[in-house]
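A.B. asks: My questions will all concern the structure given below.
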Amino acid sequence: MSTVGSSSEGRHSVRCFRHRNANTFLTYSKCPLEPEFIGEHLFRLTREYEPAYILVVRETHTDGTWHCHALLQCIKPCTTRDERYFDIDRYHGNIQSAKSTDKVREYILKDPKDKWEKGTYIPRKKSFVPPGKEPAEKKPTKDEVMREIMTHATSREEYLSLVQSSLPYDWATKLNYFEYSASRLFPDIAEPYTNPHPTTEYDLHCNETIEDWLKPNIYQQNAPGERKRSLYICGPTRTGKTSWARSLGRHNYWQNNIDWSSYDEEAQYNVVDDIPFKFCPCRKRLVGCQKDYIVNPKYGKRRKVASKSIPTIILANEDEDWLKDMTPAHVEYFEANCDQYILLPGEKFYKTGEAGGSI
């Protein structure tokens, strides 16, 4: 079976993946490879599990691109904890346990453009029915319906479409939950980070304060057991605070509210922009550069984030100065964990004439 759970490790996901099944259903989206090439690759890859039957079908998607389905049956259960185990070249294979091989095979063969088979198909075992008796029709339970949907769906869109057609009332009343489960079943593959913000030279009266904070907290790695320090910048709008903060490297960026569902474990730092003190969730953990804490995403399950200590850059305009809303205890914690820079009149995080520095 294929399972997922929470984990703070992993480059592509914070989930723990496990697949163990003799029958495996694979989908290669936007994949133009020949079925024979895919099938022979799967046969060599799973030789230790004694492959008995492989079916690979190529068909066209609604947008005109090719994609391939494969049914792999082995004598021994195919076991892996690597969600990229079945990847071929740059094409990622979505892995599902084929709990109903008959239905999976029927689904794969619904509209084939090219097909390749090897071995002898092993049909699903059926319950014994005495001679002269017809098997009773049994209405599938919701669990069975959802199991079939999760087995056959190949994308978030197809998953939600199948839920809508099979369970219309649940889809209408619990759409948020289905959207969350769709995002967990079909997570986005993390792309290499590209910084969209050019570096800027700031025009400050006290550059040393910023430089002294940057070196140990952004440019240097943590020593074992060491925690970073955050940075608080308060000042007028259009002084380049946001552009400068976002130009330093890979980061989590939140403006107006914090969405934990998009938390990037590979980020070097966080940016909290224009979020009032009293409306910033987990502010103590963010300011204190803590790690391995539990958050509660909207419409999602509680999860652990921050596998490492990273600093947070907090940006505020003068009318939302965090220090004005703090109790003495808040101020004490803030000063112990966060450097502060209050912009004076005329100070900017860009030189006059630089493009993109007016945020």
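Glycine residues also receive a Cβ, built from the backbone N, Cα and C atoms like all the rest.
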A.B. asks: Out of 95-98, 107-110, 347-350, let me know the one Swiss-Prot marks motif 'RCR-3'.
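C.D. replies: Going through 95-98, 107-110, 347-350 one by one, Swiss-Prot flags 107-110 as motif 'RCR-3'.
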A.B. asks: Quick test of your reading of Swiss-Prot: among 68-86, 144-162, 258-276, where does it put region 'Transactivation'?
C.D. replies: 258-276
A.B. asks: Of ASP111, ASP143, ASP170, which does Swiss-Prot put in the divalent metal cation site with GLU59, HIS67, HIS69?
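C.D. replies: Looking at ASP111, ASP143, ASP170, the one Swiss-Prot places in the divalent metal cation site next to GLU59, HIS67, HIS69 is ASP111.
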A.B. asks: Looking at 10-21, 238-249, 298-309, which one does Swiss-Prot call motif 'Nuclear localization signal'?
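C.D. replies: My reading of Swiss-Prot: the motif 'Nuclear localization signal' range is 298-309.
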A.B. asks: Select from 25-28, 177-180, 277-280, 293-296 the stretch of residues annotated by Swiss-Prot as motif 'RCR-1'.
C.D. replies: 25-28
A.B. asks: Write down the single range among 181-193, 207-219, 324-336 that appears in Swiss-Prot as region 'Oligomerization'.
C.D. replies: 181-193
A.B. asks: According to DSSP, collapsed to three classes, what secondary structure does LYS241 (ATP binding site) have?
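C.D. replies: Its secondary structure by DSSP: helix.
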A.B. asks: Would you mind listing the long-range same-chain contacts of the motif 'RCR-1' (25-28), meaning Cβ under 8 Å and 6+ residues beyond its ends?
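C.D. replies: For the motif 'RCR-1' (25-28), the nonlocal Cβ contacts are 38, 42, 67-72, 86, 88, 91-98, 104, 151-152, 154.
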A.B. asks: Tell me which of the binding-site residues GLU59, HIS67, HIS69, ASP111 ends up closest to THR242 (ATP binding site) in space, Cα to Cα.
C.D. replies: HIS67
A.B. asks: Going by DSSP, is HIS67 (divalent metal cation binding site) part of a helix, a strand, or coil?
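C.D. replies: HIS67 (divalent metal cation binding site) sits in a strand per DSSP.
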A.B. asks: Which site among HIS67, HIS69, ARG238, LYS241 has the most other CB atoms no more than 10 Å from its CB, taking these as binding-site residues?
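C.D. replies: Selected residue: LYS241.
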A.B. asks: So if I measure Cβ to Cβ from THR237 (ATP binding site) and keep only same-chain residues at least 6 apart in sequence, which ones fall under 8 Å?
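C.D. replies: Same-chain residues close to THR237 (ATP binding site) (Cβ under 8 Å, separated by 6 or more) are ASN317.
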